[in-house]
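Asker: If you scroll down you'll find the structure; I have some questions about it.
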Amino acid sequence: MTAPTLTLHEQMSIPEPGENELATQIAQCPSNPPVYDAQTFPDGGLKAWLNVVGGWCIFFSLFGWVNGVCTCIGDAALFTASLSTCSTWFYRRRAFAFGVLLTGTSIGGVVMPIILEHLLGRLDFGWAIRICTFINLVLLVIALPTVTSRLPPHPKPVSLWYYLRPLKGIRFLMLSAGCALFYLGMYLPFNFIIVQALYEGMSPALAGYLIPILNATSLFGRIIPGIAADMVGRFNTMVAMCAFAGIIVLALWLPGRANAPIILFSGLYGFASGAFISLIPALTAQISDIREIGVRSGTLWLTVAIAALVASPIGGAMEVRDDGAFEQLQIFAGVVMLVGTSCFGVARWYLSGGNLVAKVCPFNINIPKVSTQEISNLLCTAILPSVDLDLVDATKELQTKIVRTTDHKAGRFVKLLLDRGADVNFQGGYFGNALQVASFKGHKEIMKLLLDNGAGINIQGGHFVNALKAASAGNQEGIKGLLLEKGMGMSML
């Protein structure tokens, strides 16, 4: 009995299995973020880059071999954990770090099908799948000890409002809408370019190289724009690359009838789409409180899942309606991608205050030294929220702000610094660290805030050596009692 075959029109009218799996995987992301939300990040270092290596292994295995709804549920947990934890380790080089991490998807998409093809030529189907699974197992074993959050996880109660709340902000709403619209058109070239090339007369042998070309150039698109984004601005880079992707769909793929323009389009489009994939998590983290990156990512990917699910059926319906031609599909893809790009532009407009050439949220803003509570309150309530500045920097000058603001009892600014990733245990200055300042000055509420955010009560340094001695020197009996309750021994005096 021969296997039934489908006409070209019938094939295009059926949703792609890969689209269903992608949508299932993405839709599971919101169920995971509360577990992974962390609070601070050191912006690099060995542990941070080990996290990227582990995440790379996850993404290689995820996109190298994804199959079935149950697998996608697990993949979604891995996906969320990798992106959320990576974002807590980096700020200055965040886009580049995400780009390196997400090259795993490109390499996995190229290498794993080749491995499976060779295995199927020598082994039966069962053992071919088992070997691919063992490869994934090895990669995930590497990821297990390396993908870690900066601080212990902080589980949060989950409710529908918990996921809808981020959409109240116009910047996040525009970012989510832009991602959903861009996704609606982005995968249509991936799913239809081979069929379109065959329709235009390309040989099957040559058409088979189009997807590997897309994946190969996508690898470079995930790294190079990431480096540029950290230099000239992430929203600036996203708008430029997404606009480029939409334009070449309309200007190169739509009129392309010969082999050369189709191949050229594959290379250029792979690069541009790779930039989009790698910049999404960087943009999400940039406009989010460090403690809410996970849940905001989940909300965003849920909106994207809807677009990923319906994109291929819409494209197939357009191809059928166009009597086997692809003009309607190509126009639709290019237009929705450009509309999505305009949403990114609106988000950037709100971030920059209407400045068309500004680099949004620059890293090198020179924050004035905090010398009085009035100045710190002004910074906290007016200046910093308006520029959406992330306050983690590699320089000691910026890290000492946590000590200074504690000294001046500027509790709101201390909280803002902690929320944006300041190192609560930074060592330096006369007092040694912020906890010793709070202990000596009797700032009980700030002290509780520091302890809740991971301040070490036994860390030594500075003039008073430790927090208990600082409290004793300042005659702060209430603070001494609090420290003793937290586990400090009288031997520390």
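For all residues, glycine too, the Cβ spot is worked out from N, Cα and C.
Nobody curates TrEMBL annotations by hand; they come from automatic prediction.
Just lifted these from TrEMBL, have a look:
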type	residues	note
TRANSMEM	53-83	transmembrane segment
TRANSMEM	95-115	transmembrane segment
TRANSMEM	127-151	transmembrane segment
TRANSMEM	172-199	transmembrane segment
TRANSMEM	205-223	transmembrane segment
TRANSMEM	235-256	transmembrane segment
TRANSMEM	262-287	transmembrane segment
TRANSMEM	299-318	transmembrane segment
TRANSMEM	330-351	transmembrane segment
REPEAT	433-462	repeat 'ANK'
Asker: Any chance the transmembrane segment (299-318) and the transmembrane segment (95-115) are in contact, meaning at least three CB pairs closer than 8 A with a sequence separation of 6+?
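Answerer: The answer is no, given that the two segments have fewer than 3 Cβ pairs within the 8 Å cut-off.
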Asker: Take the transmembrane segment (235-256) and find every residue of the same chain, 6 or more past its ends, with a Cβ under 8 Å from one of its Cβ atoms.
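Answerer: Cβ under 8 Å, 6 or more out: 95, 178, 182, 185-186, 189, 193, 200, 221, 225, 228-229, 262, 264-265, 268-269, 272-273, 275-276, 279, 283, 286, 327, 330-331, 333-335, 337-338, 340-341, 344-345, 347-348, 351, 359-360.
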Asker: Reported in the order helix, strand, coil, what are the DSSP residue counts of the repeat 'ANK' (433-462)?
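Answerer: The composition, in the requested order, is 17 helix, 0 strand, 13 coil.
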Asker: Can you tell me which parts of the same chain pack against the transmembrane segment (330-351), counting only residues 6+ beyond its ends and a CB-CB cutoff under 8 A?
Answerer: 170-172, 174-175, 177-186, 188-189, 196, 235-236, 238-239, 242-243, 245-247, 249-250, 253-254, 283, 287, 314-315, 318, 360-361, 388
Asker: If we skip the immediate neighbours and take only residues 6+ beyond the ends of the transmembrane segment (262-287), which ones have a Cβ under 8 Å from one of its Cβ atoms?
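Answerer: Cβ under 8 Å, 6 or more out: 83, 86-87, 94-95, 98-99, 102, 105-106, 169, 171-172, 175, 179, 182, 186, 189-190, 193, 196-197, 200, 202, 210-211, 213-226, 229, 234-235, 237-238, 241-242, 244-245, 248-249, 252-253, 256, 293, 296-297, 300, 344, 347, 351, 360-361, 388, 390.
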